[in-house]
Amino acid sequence: MAEKSYQAGVKEYRKTYWTPDYVPLDTDLLAVFKIVAQAGVPREEAAAAVAAESSTGTWTTVWTDLLTDLDYYKGRAYRIEPVPGDDNAFYAFIAYPIDLFEEGSVVNVLTSLVGNVFGFKAVRSLRLEDIRFPLAYVKTCGGPPNGIQLERDRLNKYGRPLLGCTIKPKLGLSAKNYGRAVYECLRGGLDFTKDDENINSQPFMRWQHRFEFVMEAVHKATSETGERKGHYLNVTAPTPEEMYKRAEFAKSLGAPIIMHDFLTAGFTANTGLANWCRENGMLLHIHRAMHAVLDRNPMHGIHFRVLTKCLRLSGGDHLHSGTVVGKLEGDREATIGWVDLMREPFVPENRARGIFFDQDWGAMPGVMPVASGGIHVWHMPALTAIFGDDACFQFGGGTLGHPWGNAAGAHANRVALEACVEARNQGRPVEREGREILTEAAQHSPELKIAMETWKEIKFEFDVVDKLDTGPMLRVVNA
């Protein structure tokens, strides 16, 4: 019988994957998980189990460990911190060598970090809170097809946020009536209109007909206003082949921008479409449909800041970011944090905004945040203050719900935006003086006056479910 050269059986994960003395390398991919361990499982063991299952480990010792340099390839749980205000949960910091991941593949990174490990019995709940992508890995990814500056250059629009509108009702309109709504909104002063996330190619409106009527409206509004206009044509489809077919047709009609539902369609499809857009001079708007399934539970899933980083690597020129003030979930400081991750070339660690690591994007272009969901003219001062210029504000019901029609709703939003930008440029505190600023502008715009009257009582004041963990950040002394 051959002599054993390893110890068979099951051993504690922490004997291999808990390395409290490890100092992460600049080339390591770093992740922080929020963990609630099962009763009786030590925190170091739970953290090590996550590191093992998301890298090289399995449930028992295997002899093939001897055929590789396991000490190099393994994930390392190197730090544990408490979660403020929660005695059961803790943060586990894990470092992964960059060679564990295929270059330029968000798919491969997520398959490791949020794959089988999320069903692990050793933990009651698990949430991926943040990732530090090393610059060496960032450089292997394509990123946004165009970026904020190139988009502004193509549109010839500077010094203010862009304005958009999601056409409503989201389902049921004929292609001709849909195109009519697009034309009225663009003629009234908006920069963009948009397909909703679930508009694809349904019996009431096939995608070819929608594309044709919409682009007729875009060209007509562009000609009449002298401003460059666009509509986010949703090319999300059942297959990649069909997706590219729709993208090519949009290009043939002169569309400047197309749209993709990146989570429901998947990162493989999204990265491929981003590459196509880069090669074909097309802007790419990204909708985040399905994100709340993954990110809203504060104890289990993937935080949206992680999805934001992954999208920037995969590719997209716009991404829905939440509004803070509208109908959709969004903590203010957390939202500002992931907006910075979308736009800035370097974002330092900032626990007050939920950012656990420095993130260096190198020369990768930024993604324009899109504030959309339950917003109207009364929100314009806050939106201007929160997002600044490099953002797109999308008013669906806040445009189409105007008593005088779509064009009037668009005009009201444009007047409100320009009033807020002018006030900000004059040094006025826009958010604090928002009511006064809008009231002054409404004296010269009956459309804005009616919009303000229509939505003066509409607020979405619900408590945020996914709040930032707050309190003193005390580091646990490693045992």
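Even glycines carry a Cβ here, placed using N, Cα and C.
When Arg79, Arg206, Arg288, Arg296 are compared with the substrate site residues Asn116, Thr166, Lys170, His320, Ser372 in Swiss-Prot, the one appearing in that site is Arg288. Using Lys168 (active site, proton acceptor) as the reference Cα, a 10 A cut-off selects none from the binding-site residues Arg288, His320, Ser372.
On the backbone, the CA of His320 (substrate binding site) and the CA of His287 (active site, proton acceptor) stand 6 Å apart. A gap of 6 Å separates the Cα atoms of Lys170 (substrate binding site) and Asp196 (Mg(2+) binding site). Measuring Cα to Cα from Arg288 (substrate binding site), the recorded positions that fall within 10 Å are Glu197, out of Lys194, Asp196, Glu197. Looking only at the recorded positions Asp196, Glu197, His287, the one with its C-alpha closest to Asn116 (substrate binding site) is His287. In the three-state DSSP reading, His287 (active site, proton acceptor) counts as strand. Under the DSSP three-state reduction, Asn116 (substrate binding site) is assigned to helix. Among the record's substrate binders, Asn116, Thr166, Lys170, Arg288, His320, Ser372, no two C-alpha atoms are more than 37 Å apart, and one pair sits at exactly that spread.
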